[in-house]
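Features as listed in Swiss-Prot:
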BINDING   41-49, 60-66, 90-94, 148-151, 176-178  GTP binding site
LIPID     Gly2  N-myristoyl glycine
MOTIF     63-71  motif 'Effector region'
Amino acid sequence: MGCSSSTERLTSTKNINIVTSPAQQQKKNAQDTKVKIVLLGDSGVGKSSIALYLCHGRFSEKHQVTIGAAFLHHNIELKNGATMKLHIWDTGGQERFRSMAPLYYRDAYGAVVVYDSNNVESFDSLKYWINEIKSNGPRNCCIMVVANKKDLPQKLNSEMVMKFCEQENVSFIECSAKTGENITTLFEKLASRIYSRFKEVLYYNNP
């Protein structure tokens with residue numbers, strides 16, 4: 001009798017709609033969010049080394065010139081617990097590859113502009129690279145200037161660089177692709193800014 005009674009109380013759940021809160025829905029949407037990031041800067045400043053350390057946790061002393069662009073991907077967990085999938089395009093910085101760079105700016109939500117903190121010429125090129133992404137990239141692209149090789153004696157004054165970045169309205173961080181200092185932090189900060197600035201667009205483009 002007990003068995004019969006419990007059977008009569010069973011109901012089908014296939015037509016039941018599960019209601020989630022706005023916060024839960026945002027987290028679900030953000031978990032499937034994919035964003036494109038471009039790495040820019042002169043040849044030899046350490047763009048590939050930064051990407052290598054982020055994605056594989058290692059550093060290589062061998063310098064290999066990036067021809068055109070290299071593609072990597074990495075997941076970043078945001079403060080709200082959601083995951084953002086970064087599609088990272090590491091562009092070649094040599095003069096002969098510069099004409100190809102704008103091809104990779106399209107649809108980029110973020111740009112990491114790298115210079116060598118021990119190379120004044122690479123700092124002088126920052127203006128060129130920032131103008132490149134502002135002129136040829138998407139509107140309101142999140143730009144972060146990165147001083148690489150922090151593990152070496154510094155030839156450039158950080159305060160001067162910070163002032164330059166304030167004038168350009170871009171973010172700034174120092175890092176070392178050799179020791180790994182601030183590598184993850186810089187991409188976490190960039191991902192957070194992209195999420196804050198573009199979350200409505202990202203949800204629309206990543207249903």
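Heads up, the Cβ atoms here are built off N, Cα and C, so glycines get one too.
Mapped onto this structure are the features recorded in Swiss-Prot.
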residue : record           : DSSP class
Gly41   : GTP binding site : coil
Ser49   : GTP binding site : helix
Asp90   : GTP binding site : strand
Asp151  : GTP binding site : coil
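For Ser49 (GTP binding site), other Cβ atoms within 10 Å of its Cβ number 23. For the motif 'Effector region' (63-71), the model's pLDDT averages out at 59. Working note on the binding-site residues Asp90, Asp151: by count of other C-beta atoms within 10 Å of each C-beta, Asp90 ranks first.
Cβ contacts within 10 Å of Gly41 (GTP binding site), excluding its own Cβ and spanning all protein chains shown: 24.
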